[in-house]
Amino acid sequence: MLVPSCHMMHVGGAMLLLLGLLSVADTETPPKFLRTPNDQTGVQGGVASFICQATGDPRPKIVWNKKGKKVSNQRFEVIEFDDGSGSVLRIQPLRTPRDEAIYECVASNTVGETSASTRLTVLREDQLPPGFPTIDMGPQLKVVERTRTATMLCAASGNPDPDISWFKDFLPVNTTNNNGRIKQLRSGALQIEQSEEADQGKYECVATNNDGTRYSAPANLYVRVRRVPPRFSIPPTDNEIMPGGSVNITCVAVGSPMPYVKWMLGAEDLTPEDDMPIGRNVLELTDVRQSANYTCVAMSTLGVIEAVAQITVKALPKPPGTPVVTERTATSITLTWDSGNPEPVSYYIIQHKSKFSEDTYKEIDGVATTRYSVGGLSPYSDYEFRVVAVNNIGRGPASEAIEAKTAEQAPSTAPRQVRGRMLSSTTAIIHWDEPEEANGQIMGYRVYYTMEPGLHVNLWEKQIVRGANFLTIPGLTPNKTYYIKVLAFTSVGDGPMSPDLQIIAKTGVPSQPTDFKAEAKSETSILLSWIPPVQNGQDNQITGYELLYKKGDDKEEKRISFEPTTTFLLKDLKPFTTYTFLLAARSKHGIGAYTNEISAETPQTQPSAPPQDVKCYSPSSTNILVSWLPPPVELQNGIITKYAVHYAAIEGEDTSSRQISDLPPESSQYLLENLEKWTEYRVSVSAHTDVGPGPESLPVLIRTDEDVPSGPPRKVEVEAVNSSSIKVIWRSPVPNRQHGQIRGYQVHYVKMVNGEPTGQPVIKDILIDDAQWEYDDSTEHVRDDRYRAPGRNHVLRRRGSVHY
């Protein structure tokens, strides 16, 4: 498979080479000038520089000619650009008339040739025109620290004011391609920020105007580099790894000049001499089997320094010794163990779980000693414990597990399912089940009974039962109700008593239902469930049940009778309300004892009534203040969590419904703002519970207050009636800019002389009677000054117009 692959690579390479040659041939271009030399007038003894740059493929060669021949003179120097794009022809010192000539820059490659010519004029000092540039202040020798700012000064004068440019080492300074690091200031000075060693050189300031060009004396800029011996900025660090592991060790050194960095193992060089990095060296170690010291060496002309990294090969810790139980309580086990490791460990992890549980071990992390008390355990329960050691490599294997049982405690729950029945009119038998949380070995039970439940339980009759979970109580008084409690006890103490069991000393009457529970099934229903009393023989069969229940703090109880069953769904209840229940079984001999009272609460639902007394008031032309009271308490069906105000304009362009939500439950008013002026709105309010919103209140219709019109009368027309009267006709403003009922108009007029107003304007108030209020947009209003009888308004109804 390898040979065909190599063959394909050679073929592919040949094809790529051919394509590359074709591509090169296709892109060959003749020379094209990027910059051509400009005519120049210099001064005898001074300097002239001509710049020529060209592009092309292949890169063109540039030759300078004087009068058609290649320049050759000790005073003529050609300086190449660093990127090879062109060169500068520099002539120094200038001589007249021998240097005055036409100079030519010729750029040529294999594709073609092009040329550009320029003229040099050289004047003696006594021939210079009065506006010829002079250098008033040239650059001076300067020394600057690397990274600091250097400023080379230059000031020149002439008429017109000369332009200033700069040369460095006889090449023009580029101030456009260095991210603003090198720039020429408005004063002409050259500013170099973040100076580098490459900025060092000979600088000339050149002043040019229409009369000619003058060069300053050159000045050197020296960039001083600080000399700093090598030091470690990131020294190598020690590491501990597992056998066969890998690790990278980093070593970084700095200085000026920057030092070379290498790694050594003893006397052995780990870094090749010809590939030694500067400043930073990362040693990659793989499959490390033994500990060793590695030395990082940093060296420069100013010194050699060393730093050592210790690599320790370390294995995972061994398992600790089997833990030993030294102390136990009902909820904790105290363990001690031997480390089992010759070297110190970082910490231990204790793992534990219930002995008979299928769950994974729970872990207690970060144990710093070899003794620890594990708490939060269940009384009289079996657990498994084991210990894990951890070092900086990782966690080792667990120790052998040990089993331990927590100590006993008094029962934390009462006996379950306490139930009873009458064996005769004077003898009862009571049964019960073991407590759910016995917390130890049950030593026995205490059964308390009385006819007077108001007495302290210590004054009740009491019998102790051992080795059984039932008791027969003889000698009861017939037809009396007895109250019975049962508790369990261990060797440590007594548990809590069971709820009262009531039993009537009457043959054939059922005992109490047991495990009576109530659970809300919906906002309006509660499901009741229970275990029926024990029934003996056909003569004692349960024929039904009697349920007593009431709502909250109501004094009135409701009674319901129903057929034998073990569940009953009570419906048509009120949401978000607590109900209490009592239940008794019934046989043909009568009703047995009622259960103890239990309660349940129906959940919340949405309010079934809206907020009350919703009122609206318009305090301004753009606002409506909405106020309300909460829904009736009995119809809130929960806790009011917020209110919402709903509103919509019933006229105008925008009649969409809007809503202000999430108003706090304690709020009782809200100001609707930025409404349309003189507009009728429909407003309603709704209340919310966590379940959702209730119904909206009946809408209240309210109009925002009037405001001054925001639009002028339209289609104002003026007509001269005679030499002393004019008639003014207009239409009312656009309806949506009237903002109220138009009650009148003002007509302003002033006498004009030669196109200029003279005197104060006269204002005529025109009031509209109530009978004349119009909403018709086509209504025209006419003011005719022919009808000027004092105190009289003449109204003529013609073509829908009103005339005054």
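Placement of Cβ uses the backbone N, Cα and C atoms for every residue, glycine included.
Features of the protein shown, as given by TrEMBL:
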type	residues	note
DOMAIN	31-121	domain 'Ig-like'
DOMAIN	133-222	domain 'Ig-like'
DOMAIN	230-312	domain 'Ig-like'
DOMAIN	319-409	domain 'Fibronectin type-III'
DOMAIN	414-510	domain 'Fibronectin type-III'
DOMAIN	512-605	domain 'Fibronectin type-III'
DOMAIN	610-707	domain 'Fibronectin type-III'
SIGNAL	1-27	signal peptide
Considering the domain 'Ig-like' (230-312), which listed stretch of 31-121, 133-222, 319-409, 512-605, 610-707 counts the most C-beta pairs under 8 Å: 319-409
Stretch with greatest number of CB pairs under 8 Å, the domain 'Ig-like' (31-121) reference, 133-222, 319-409, 414-510, 512-605, 610-707 candidates: 133-222
DSSP-assigned states of the domain 'Ig-like' (133-222) in counts, ordered helix, strand, coil: 3 helix, 45 strand, 42 coil
Local confidence of the domain 'Fibronectin type-III' (319-409) - pLDDT mean: 94
Three-state composition of the domain 'Fibronectin type-III' (512-605), taking helix and strand from DSSP: 3 helix, 51 strand, 40 coil
